[in-house]
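Pulled from TrEMBL:
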type	residues	note
COMPBIAS	1-19	compositional bias 'Polar residues'
COMPBIAS	28-60	compositional bias 'Basic and acidic residues'
COMPBIAS	68-84	compositional bias 'Basic and acidic residues'
COMPBIAS	86-98	compositional bias 'Polar residues'
COMPBIAS	103-113	compositional bias 'Acidic residues'
DOMAIN	112-180	domain 'Cation-transporting P-type ATPase N-terminal'
REGION	1-127	region 'Disordered'
TRANSMEM	159-178	transmembrane segment
TRANSMEM	184-200	transmembrane segment
TRANSMEM	339-357	transmembrane segment
TRANSMEM	377-399	transmembrane segment
TRANSMEM	748-768	transmembrane segment
TRANSMEM	774-794	transmembrane segment
TRANSMEM	814-837	transmembrane segment
TRANSMEM	843-865	transmembrane segment
TRANSMEM	877-898	transmembrane segment
TRANSMEM	904-924	transmembrane segment
Amino acid sequence: MSNRSENGDATQEKQNFNQDNKDDELVEKEQTNNKRNDDSSVSDNKSELAEKEQANKRDDDDSSVNNNKDELAEKEQINKRDDNDSSVNNNKEGVSNNKEGELAELNEKDDDDSSMKEFLQTDPKTGLTTEEAQQRLNQFGRNEISEAKPNLFLKFVSYFRGPIAYLIEVACIVAGVVKDWVDFGIILGLLFVNAFIGFIEETRAESALESLKKTLALKTKVWRDGKLVELDAAELVPGDIITLRIGNIVPADAKLLGVNLSGSETSEYLMVDQSALTGESLPVNRNKGEIVYSSSIIKQGQMMAIVVKTGQNTYIGRAASLMNVAVDQGHFQKVINKIGNFLILITVTLVVIIFIYQAVKFRGTSQGNILEILQHVLVLTVAAIPVGLPTVLSVTMAVGAKQLAAKKVIIRRLAAVEELSAVSVLCSDKTGTLTLNELSTDESWLTPSYNETDLFLYAYICSEPGTDDAIELAVRGSAEEKLDDILKNRENDHDIPGFKVTSFTPFNPAKKLTEATVINLETQEKFKIVKGAPQVITKLAGGNREADQAVINLASRGLRALGVARTNSINPSDSDDSKQLKWELVGFLSLLDPPRPDSKEILKKCEELGLNVKMVTGDQLIIAKEVAHRLGMGRVILESSHLVDSNKSEDEVTEHCVKADGFAQVIPEHKYRVVELLQKKGYVVGMTGDGVNDAPALKRADVGIAVSGCTDAARSASDIVLLAPGLATIIDGIMTSRTIFQRMRSYALYRITSTVHFLLFFFCIILAKDWTLPAVLLILIAMLNDAATLVISVDNAQVSGSPDKWRIGQLITLSIILGIILTMFSFAHFFIFSYVIKVTPGQLYTVMYLHISSAPHFVIFSTRLTGHFWEVLPSPLFVISIVGTQIFAMFMSIFGVLTEAIGWAKSIVILAISLGIFVLLDFVKVFVFRYWSLELVTKIFPSKSRRAKVAARRERALTLEKFAESAKKLRKVLLMVRVIRAFRHNDDDERQE
């Protein structure tokens with residue numbers, strides 16, 4: 001919007017309402033945020049009238065209308081009296097706004113920076129010479145914000161860290177010590193496969209972003225050697241003379257010279273969009289001598305400027321340093337470490353016991369050689385360790401990253417694929433994400449003599465064509481839609497069928513209006529039209545109390561009013577002075593940055609997915625509440641001051657943060673604070689953003705999401721980059737990530753179960769019978785089964801209706817239960833085939849190989865879902881891979897490959913029993929998932945924190961129950977009231993008859 005009249009109205013409002021300092025400060029903030037609000041003072045009037053309303057009835061938040069006639073008369077008198085003083089300077093108004101104040105402070109610092117003055121003496125007509133520019137480039141560096149790029153070698157090495165990786169590496173070293181080179185090669189190969197997958201996929205994502213960044217590289221026009229040339233913005237140096245015009249992105253911090261592009265002095269100003277810095281959607285004015293900051297966008301005007309700061313020294317560069325905060329270990333990595341620690345604990349414990357037992361038992365015999373015992377336990381360790389766990393999970397996330405890329409979601413950090421599925425709170429920016437980031441007309445207010453067609457027609461006639469002004473574009477765009485029948489047959493965009501504009505006066509900041517003289521070609525009637533600040537238009541038309549109230553009502557909802565009036569027919573003898581003419585108020589247009597067409601539907605989808613969306617915006621509170629209302633969000637929007645209220649405890653502030661539906665008037669530190677408080681409460685937080693002001697919060701969030709059209713600073717701080725606008729892409733990403741999570745949890749449950757079963761069976765059988773499988777069969781089981789499960793990355797999965805969470809206790813408990821049942825079946829096979837069927841020792845090896853290979857492996861058909869295995873059928877490729885490996889094992893057993901043959905009958909029976917075991921375990925799994933709860937865990941494993949959580953849940957449930965009961969009673973009362981009113985209404989009708 002424009003602030004063409006802003007400077008006059010701010011002081012007027014201060015004089016009008018200096019008795020209420022708090023409301024005065026809010027108005028000043030609103031004015032600064034809405035600076036350059038076109039025809040305007042649209043925002044001025046909104047602020048003025050809203051402030052009056054608050055002063056009249058500040059104790060009643062819901063009342064936006066004051067019906068007291070004396071008060072209204074007093075307001076009109078104040079209006080008339082103080083309107084004469086509207087030209088008083090209010091250049092200090094911006095200090096009241098935090099973001100504007102910060103930039104103003106930086107502006108002063110830049111002016112006081114004496115060390116740079118010698119570099120700012122460049123002649124605007126010639127610019128720097130090539131030699132001077134090169135010297136300064138060497139001194140100050142390139143005009144770009146350097147990113148701390150990790151060393152590729154160290155990044156690759158980082159994939160060899162972690163509990164499971166360390167255990168595998170120890171096993172690899174032991175294999176080398178005992179000279180078991182086959183195992184050594186297998187283990188080493190698996191380590192490198194996992195590392196390469198993670199490294200390659202994340203490098204690909206970075207390369208895609210780097211390519212995108214290059215295509216968006218800025219160009220700028222600069223004077224060098226007396227010629228105007230186009231250069232990469234990165235080559236700018238302090239002292240360069242650059243040209244700025246409509247649509248340009250400011251390439252560096254620069255001071256305006258007050259010289260137009262032809263080199264002559266100008267009194268014009270620039271309208272600058274600073275949303276990338278402040279988060280505000282409305283442009284501001286910048287005049288000669290003021291600083292325009294890098295990444296701002298020129299919305300109107302043209303002027304030359306001299307570069308004062310480049311690269312890291314710019315406002316954006318300094319703000320980017322906020323991103324250098326300590327980042328906690330990733331959510332996904334924490335989960336993997338917990339799983340790894342559990343598996344390492346049981347593996348190392350049981351293997352060490354077996355090693356000590358065999359060393360003692362066979363001491364002094366040929367079997368008691370330490371290296372030989374070590375080799376035996378090494379084979380057992382390699383077979384038990386979930387070597388493929390990191391690899392399978394990395395492949396699953398890599399496949400998911402490619403699926404998301406097809407939906408215009410670029411994953412910068414591979415683990416963010418899984419972490420997105422766990423996001424329970426999404427903090428969304430309003431401007432550009434929930435809304436369109438462009439003004440549009442909303443509901444209108446009309447006087448009785450005119451209709452909506454008249455209002456839009458007159459507003460269109462009185463609008464300047466070809467301008468980039470936000471209000472003019474909104475008015476003309478909306479009018480063209482509503483007046484399609486009138487405007488569709490015109491020959492060019494400047495013609496208005498049936499009317500001829502004989503004179504047009506663009507917006508006049510002193511008068512706060514735009515004026516046009518028009519002739520109706522059909523009737524030859526000549527009249528004037530004005531469009532501008534509602535209080536000015538209303539006063540011009542002789543005053544109207546209903547109109548004043550209408551503007552108050554619009555202002556209380558965050559809508560900016562724009563007045564339209566016209567004269568009666570003008571005779572040639574009439575004075576051309578508008579004050580001598582008789583004006584009639586036509587009505588008011590209202591303006592708002594409207595929600596995206598799909599935002600409301602997407603927010604409903606978020607609610608269905610259990611995702612709590614909080615609006616976090618730099619806009620004013622009433623605007624945020626209006627947008628929230630239109631989107632169907634809760635309207636508990638708090639001012640940012642609640643986040644830093646020293647009168648409240650940390651717990652109170654956190655509780656308010658959790659319960660709020662959003663926050664208004666925030667600055668970067670507030671966004672960071674919101675994320676921090678929610679994380680402390682245990683929520684997994686996603687944060688969207690596009691500007692440098694969002695970067696610290698994006699970095700702090702569990703999942704930082706840079707939206708379409710974001711700045712480089714936001715992109716660098718994020719985990720995910722969206723290439724399409726709005727929230728729709730985020731929903732696609734969340735649903736895909738939840739599918740991926742289900743696949744990973746499926747594999748983790750299967751792999752932990754397999755490990756528990758493997759270790760328990762061999763630990764017991766070695767101690768009891770001193771029996772084990774040959775090393776080649778153990779390694780074969782581990783390799784084939786892990787290789788086959790790689791296809792889980794493309795399996796069909798169920799999308800959960802709530803944020804996913806790694807319930808490690810539940811996962812491990814269920815794994816132990818399933819592992820124990822599998823162990824019991826393994827012992828049954830061992831003893832039945834040994835003592836009942838009485839197979840040979842060689843055939844026993846084959847029987848146990850086929851059983852241990854197939855029974856745990858088929859369990860993956862059950863673990864892939866929380867419900868029964870038939871609820872969502874697996875993908876054909878998944879079935880073929882799993883069943884195929886076991887058919888291969890069956891043929892090995894039938895024909896005696898690497899072991900003694902057992903024939904068709906025994907092999908088929910063993911495989912059929914394994915399928916039966918998986919069906920039985922599926923019912924056990926469903927039973928555990930169904931009855932697993934915090935209350936059950938607290939009973940089995942009581943702790944102080946668990947008991948406190950259970951008590952809090954019960955208290956909350958009781959509160960909700962009481963609330964529901966009260967609501968039920970209230971509904972009954974309301975129903976009775978309606979019935980009574982209906983009866984009374986019927987009685988009145990009968991009496992009238």
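Backbone N, Cα and C define each Cβ position, glycine as well.
Looking at which of 159-178, 377-399, 877-898, 904-924 has the most CB pairs under 8 Å to the transmembrane segment (774-794), the answer is the stretch 377-399.
Against the transmembrane segment (748-768), the recorded stretches 184-200, 377-399, 814-837, 843-865 differ in Cβ pairs under 8 Å, and the greatest number is found for 814-837. When the stretches 159-178, 184-200, 377-399, 814-837, 904-924 are ranked by Cβ pairs under 8 Å to the transmembrane segment (843-865), first place goes to 904-924. On the 0 to 100 pLDDT scale, the domain 'Cation-transporting P-type ATPase N-terminal' (112-180) averages 78 in the predicted structure. Of the recorded ranges 184-200, 377-399, 814-837, 877-898, 904-924, the transmembrane segment (339-357) has the largest number of C-beta contacts under 8 angstroms with 377-399. Ranking 184-200, 877-898, 904-924 by CB pairs under 8 A with the transmembrane segment (814-837) puts 904-924 at the top. Non-local neighbours of the transmembrane segment (904-924) in the same chain are 817-818, 821-822, 825, 829, 847, 850-851, 854-855, 857-859, 861-862, 868-869, 886, 890, 893-894; each lies 6+ residues outside the stretch with a CB under 8 Å from one of its CB atoms.
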